[in-house]
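Asker: Straight out of TrEMBL:
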{"type": "DOMAIN", "residues": "62-303", "note": "domain 'G-protein coupled receptors family 1 profile'"}
{"type": "TRANSMEM", "residues": "49-70", "note": "transmembrane segment"}
{"type": "TRANSMEM", "residues": "82-105", "note": "transmembrane segment"}
{"type": "TRANSMEM", "residues": "125-146", "note": "transmembrane segment"}
{"type": "TRANSMEM", "residues": "167-186", "note": "transmembrane segment"}
{"type": "TRANSMEM", "residues": "201-225", "note": "transmembrane segment"}
{"type": "TRANSMEM", "residues": "246-271", "note": "transmembrane segment"}
{"type": "TRANSMEM", "residues": "283-306", "note": "transmembrane segment"}
């Protein structure tokens, strides 16, 4: 995701009751880009700043807690699904730091976009690389769950922690390489002219690589998984939905719903009305960006809702972090009560 929409917090003035910055509907539809020099007013005000501050203040600690809990589960059980979820959480943390903090808050609100262009373009590489990594790791998790349910023998023979780590490393490397072309990304607020061929190619590449193609993979694999479970139910077997499968369906559904507005606004901006000319498209972009960033902090609630094992591990992590503080605050010479080591996971425990 680029830095578009981040000028919202840095606008020097705000119009309470804006009117569209167009000279009339007839002129708007006569040419592809109406020749109007004025920019659309900011109608969101400080709401995005407050939203991203709350999202970062709550989401980043929760994501770090999620990463620690998943790291313990991955080390303890050596299940591929835990490694994929851990990599997905790490990508979300990078998105929160690079896009939400450095992009929306630091560059947009604090510095009011007074940042050298080379710095902005370099940040674009990290932003798109983090987005690609997050989405593509979700694809790895989807393929892993599909193989485990539809081809269990092949999954048992092929899956291993080493192979899982190599697959994650390959995806992260590919994400970084595919982020390099977005150095030349022109965010929607700066599209003052008709979009160039390069700009259109980059925007379509963004929509395809982070939304349309992944959603197609999610649709096909999730449909196959659900069909397999229904066949088990019709054959008299218990159609048990594992915790990993339930988490997968939740992650992919949340991503599809939360990212849809952003992709729609981007296409609308390119072919109907530009963001900087129409305050309604400007407002829609602000809202779409806020909704899209929500997915970086929503997974923790999903894991806790679905998995009892994850909830127990989170409680253990919090207890282990709280215990040293408690012991340090006790008077010298006071004996601490022995702490019983929490039991390990059952052999067949699953996320």
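Residue 1 is the first one shown; counting continues down the chain.
A Cβ is built for glycine as well, from the same backbone N, Cα and C atoms used for every other residue.
What TrEMBL says about a protein is an automatic prediction, not a curated fact.
Computed from a predicted structure; not experimentally measured.
Help me understand the surroundings of these features in the structure.
Answerer: Counting residues 6+ beyond its ends, the transmembrane segment (49-70) has Cβ neighbours under 8 Å at 8-9, 82, 85-86, 89-90, 92-93, 96-97, 100-101, 104-105, 109, 290, 293-294, 296-297, 299-300, 303, 310, 313-314, 317-318 in the same chain.
Sequence-remote contacts of a segment are chain residues at least 6 beyond its ends whose Cβ falls under 8 Å from one of its Cβ atoms, and for the transmembrane segment (201-225) they are 1-2, 128, 131-132, 135-136, 138-139, 142-143, 145-146, 149-150, 178, 181-182, 184-186, 195, 245, 248-249, 252, 255-256, 259-260, 263, 266-267, 270.
Only residues 6 or more beyond the boundaries of the transmembrane segment (246-271), in the same chain, are considered here, and those with a CB under 8 A from a CB of the stretch are 1, 81, 85, 88, 135, 138, 141-142, 145, 188, 191, 195, 200, 203, 206-207, 210-212, 214-215, 218, 222, 225, 281, 284-285, 287-289, 291-292, 294-295, 298-299, 302-303, 306-307, 351.
Residues 1, 4-5, 8, 43-44, 48, 51-52, 55, 58-59, 62-63, 65-66, 85, 88-89, 92, 95-96, 99-100, 104, 134, 188, 243, 246-247, 250-251, 254-255, 258-259, 261-262, 264-265, 268-269, 275, 314, 351 of the same chain, all 6+ positions outside the transmembrane segment (283-306), place their C-beta atoms under 8 angstroms from a C-beta of that stretch.
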